[in-house]
Amino acid sequence: MKLSILRQKAEPFCSRLFNGLCLLLFAFLFCSSLTSSWLNHEVDDEFVYYQKDSLFGNLLLLILTLAGLTLLAHLLQKLVCRPRMNLLALGASALAIGISLYWVQSSGTYPRADQEFIWEQAQLFNAGDFSGLQPGGYVAIYQQQLGIITVLRILDWIAPFFHTQGWYLFQLFSALTTGVLVYAGFRIVALLTHDQRTAGLLYLLLALVCAPMYLYTSFVYGESSSTAFSMLAAWMFLEYRKTPRVSCLIGLYFSTALALLLRTNTIIVFIAFAIVVVIQLLRKATRHQAVIGLALLLAMLTPTALTQTLYGDKIPEESKTMPAILFIAMGTNDDVPNAGWYNSYSYLLYQDCDYDPQSAYPEARGYLVSFWARCREDPAYAVDFYNRKISSQWNAPMYQCIFMNSRVEGPQTALVQDLYQGEGNRRLTDFMNFYQSLIYGGVLVFTIFALKRRVSLEQDLLLIAVFGGFLFSVLWEAKARYVFPYFLLMIPCAAVGISALITGFRRRFIRTA
């Protein structure tokens, strides 16, 4: 009897606990974004630097924006009837694709750093050269790159038919996935709000004006496309929970597998899915819950099985991937302008240890022990360090989208040039600085309403993924770029939160009148 009661109360307890934690997190992020920001100063400098913002100015702009959004939502509700909302969402998705394709065509960017390394390895693999898998080779050290290298190999094979390069096809592929991202996010908002038009309209508006979403499409890495497939997987997951259909399971399987193939760290998102499934299974085990859990598990295992099948016999036994503890240790360095950011520590240590995980592990562990000893002796330093580490990632409104595309080898349009270094860059940065505050504020309101209404855990699906990403960013090597996928996952929640706020204001105004 007691066990049955505990099982029934597990989900409500977890939901309230989680929303309480998110309320604290987003209260901190929202307040921080109103008073400061971390920005790139030069196109070719990856580090971000602290800038104080006007609290009064941001609050005033927020009030005016909320008033404007209220009027706009009221007007659009009159112009767009409920049956046309889906058509509007498809149109918005097409517009997002169009803008993304324009950016890819006009930015003139070429892969740099890790982008270039994985592209070169894809070409070498296709030529039968797997030396990168030998001990000390790039792919041997970073075996998590095998998934995206496999995708690039496919694009390299078909590129000659289009008289272009495989990396350019990847940019076009990323541009096309922005449509998937926008539309899937819209459908998630519809599921969370029972097709409320205000929330849907706000989501489409917020999604379409998120500039880094477009700028990251020319980045030959998995940030953009993997996030799109993660959003699609979330839609399929929630849709199946509402109306179990085989098509939803198939969509969930392929979108999850693709997201993980493109970017291994997307596993954080799908761990969030698994948490929801497990907790709800504890409450009431049903066939549909078991089926969706199985589909999710198979999808999560597929990329590893695929890369093992393709490359297992080509990886020498002595070739070992870099241990995770080296990335964690590097995330505690304070040697570069931003706390915990990349400083080559992990690679140099692994190189010094002859790429032997057993030798590197105790060295990295000793580094971490020294760091934690310092934190215990000086708690003020620990607070300052993690404040700088968190803020430089989560309060950097451009998310390094210009720097990550700073290798320009093709012609650029005047508009794109202005966005890189002209007045357009300053205006875009100012806009994204405010936009980030608006999104954080919207998510904060979402968590408040979730606590008040005691929503089910599955309605927090995206936020659980975001919270997992936050914990990972505190632990791991840092970069603002790593946070960007989670920022995109926040937009549906922010739209729901702002919609709830607007609806509440409107009802109070009507009662007062």
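Cβ atoms are placed via backbone N, Cα and C, with glycine included.
Annotated transmembrane segment per TrEMBL: 21-39 (among others), in sequence order. Sequence-remote contacts of a segment are chain residues at least 6 beyond its ends whose Cβ falls under 8 Å from one of its Cβ atoms, and for the transmembrane segment (21-39) they are 48-53, 55, 58-59, 338, 391-392, 394-398, 429, 433, 436-437, 440-441, 443-444, 447-448, 451, 460, 463, 467, 470, 480.
Within the chain carrying the transmembrane segment (55-75), a Cβ under 8 angstroms from the stretch's Cβ atoms is held by residues 33-35, 198, 201-202, 205, 434, 437-438, 441, 498-499, 501-502, 505-506, all 6 or more beyond its ends. The transmembrane segment annotation in TrEMBL covers 55-75 (among others).
Taken from TrEMBL, the feature transmembrane segment covers 87-104 (among others).
Long-range contacts of the transmembrane segment (167-189) within its own chain (CB-CB distance under 8 A, at least 6 residues past either end) are made by residues 89-90, 92-94, 96-97, 99-101, 103-104, 109-111, 115, 119, 151-152, 155, 158-159, 199-200, 203-204, 207-208, 213-214, 216-220, 224-225, 227-229, 231-232, 234-235, 238-239, 462, 488, 491-492, 495-496. The transmembrane segment annotation in TrEMBL covers 167-189 (among others).
Annotation comment: TrEMBL describes 201-221 (among others) as transmembrane segment.
Sequence annotations record features per position, and here TrEMBL assigns transmembrane segment to 250-279 (among others). Cβ atoms under 8 Å from those of the transmembrane segment (250-279) belong to residues 10-11, 14, 144, 147-148, 150-151, 221-223, 225-227, 229-230, 232-237, 240, 289, 292-293, 295-300, 302-303, 306, 457-458, 460-462, 464-465, 467-469, 472, 482, 485, 489 of the same chain, restricted to positions at least 6 beyond its ends.
The transmembrane segment annotation in TrEMBL covers 291-311 (among others). Tertiary neighbourhood of the transmembrane segment (291-311): same-chain residues 130, 133, 143, 146-147, 150, 237, 240-241, 244, 249, 252-254, 256-257, 260-261, 264, 267, 270, 273-274, 277-278, 281, selected by CB-CB distance under 8 Å and a gap of 6+ residues from either end.
Per TrEMBL, the feature transmembrane segment maps to 434-451 (among others).
Within the same chain, residues 15, 18-19, 21-22, 25, 188, 230, 234, 237-238, 265, 268-269, 271-273, 275-276, 327-328, 330-331, 338-342, 346, 386, 389-390, 392-394, 443, 446-447, 450, 485-486, 489-490, 492-493 sit at least 6 positions outside the transmembrane segment (460-478) and bring their C-beta atoms closer than 8 Å to a C-beta of that stretch. Residues or ranges marked as transmembrane segment by TrEMBL: 460-478 (among others).
Feature annotation from TrEMBL assigns transmembrane segment to 484-505 (among others).
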- Examine the transmembrane segment (484-505) against the transmembrane segment (201-221) and state whether at least 3 Cβ pairs sit under 8 A, considering only residue pairs 6 or more apart. yes
- Could you tell me what the rest of the chain brings near the transmembrane segment (201-221), counting residues at least six beyond its ends with Cβ under 8 Å? 69, 72-73, 76-77, 80, 85, 88-89, 92, 95-96, 99-100, 103-104, 107, 109, 111, 114-115, 118-119, 148, 152, 167, 170-171, 174-175, 178, 181-182, 185-186, 189, 263, 398-399, 401-402, 404-405, 428, 431-432, 435, 438-439, 442, 484, 487-488, 491-492, 494-496, 498-499, 502
- Task: For the transmembrane segment (434-451), find every same-chain residue at least 6 residues outside the stretch whose CB is under 8 Å from a CB in it, and list them.
- Result: 15-16, 19-20, 22-23, 26-27, 29-30, 33-34, 37, 58, 61-62, 65, 206, 209-210, 395, 397, 459-460, 463, 487, 490-491, 493-498, 500-501
